[in-house]
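Novice: According to TrEMBL, the protein carries these features:
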type	residues	note
TRANSMEM	6-26	transmembrane segment
TRANSMEM	38-55	transmembrane segment
TRANSMEM	67-87	transmembrane segment
TRANSMEM	94-115	transmembrane segment
TRANSMEM	121-143	transmembrane segment
TRANSMEM	155-172	transmembrane segment
TRANSMEM	192-212	transmembrane segment
DOMAIN	241-344	domain 'HTH araC/xylS-type'
Amino acid sequence: MTGDLILYEMLLRGLAVGALAATIIGWRQGGASRDAQIAGALFLACVTGFALNSAPALNTDHRPVPLFVLLSCITPGALWLFCAVLFEDRRVSLRTLAPTLVLLAVTATAMLIPPPDCQPVWILGDLVRATICLALLTVLWRGWRGDLVEQRRRLRGPLLAIVALYATLQSWLNLSANLGAPVQGYGVDNSFAGAVILALFCLAGSAAFLQAPPALFTSTRRATPSAVDDGLKAQDRVALDRLNALMQDGEIWRREGLTIGDVAREVAVPEHRLRRLINTHLGHRNFAAFLNARRIEAARAFLSAAPGVAISTLAFDLGYASLGPFNRAFKDATGLTPTDFRRQATGETSPIS
């Protein structure tokens, strides 16, 4: 690689990092949530490490900088956290940090073991990274239909899926190299092309996120009745009244497998309009949270009054397809498992006490 090409490559990698840095700064000034700022900062650090670690000009003696290697290898975990916070409204916690922490542990272990004994650990890391990327694609697809923030829905497919696909491709290339079968035609000579792709992805992502409204990165509070009435058009008021009647009197939320399309047909409004109504006037950012608000409220009342009914029976009656999602939703809302909540509400004692 010529000196001019090396210079251009480093400029492209710097441009990629600078674009992400500008995005994070813009979020902070725009009032992004603390969780979004943390997830964004971690992702920025990892992409910076990846950009520097994959630059041949900085690795002429074939002795990579350990920090750059570490940050580069945990990038898929940071991307998963980033998407979980932005697209699923999840908090930064040990649970959402788990993929990053697992990659951190595997990578650190591989770096501490001398070659060639470390090779199986590196292969394990490649498999974990590929698994995380595939799980990320599943998360983006699964939440697409129920996302009530229109700008966020538009960002899901064209941007984040491409980034996840890029990360999956990178994991495949690394795994092939570690298995002793590197992809033909891919190597140091292609690092300039890699820098171009990285810069394009980061610039496109930065442009998309900086143009998005600040509400995309903040947690919307539940709307108050007065806020619902303010500025509501007559046709929207009728639709909202129908929705409230369906939820309160018809208890449509008890229906298993209920989708926003089903509710839109019942309310007799287009799906996009129903999304806007629930998000803008009721303060929910995804359809699952909208349903869970009713379901968990009913569960709390039921658990306080009916101590003898099995938790699984209650979950199915509330519209959950299995016990696991109900337990997670209930604990996210109350901080307690359904069993612990019932013990506190009814004064029951633990069977092991």
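Every residue gets a Cβ built from N, Cα and C, even glycine.
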Novice: Other than its close neighbours in sequence, what residues sit by the transmembrane segment (6-26), given a CB gap under 8 Å and a spacing of at least six beyond its ends?
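Specialist: 37, 40-41, 43-44, 47-48, 51-52, 55-57, 191-192, 195-196, 198-199, 201-203, 205-206, 209-210.
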Novice: Across the domain 'HTH araC/xylS-type' (241-344), what does the pLDDT come to on average, as a whole number?
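Specialist: Across the domain 'HTH araC/xylS-type' (241-344), the average pLDDT comes out at 92.
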Novice: Is it the case that the transmembrane segment (67-87) and the transmembrane segment (121-143) touch, counting contact as three or more CB pairs under 8 Å in which the residues of each pair are 6 or more positions apart?
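Specialist: Counting Cβ pairs under 8 Å, at least 3, so yes.
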Novice: Using a cut-off of under 8 Å between C-beta atoms, tell me which stretch among 94-115, 121-143, 192-212 contacts the transmembrane segment (38-55) the most.
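Specialist: The stretch with the most contacts is 192-212.
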Novice: In the domain 'HTH araC/xylS-type' (241-344), how many residues does DSSP call helix, how many strand, and how many coil?
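Specialist: Its residues fall into 76 helix, 1 strand, 27 coil.
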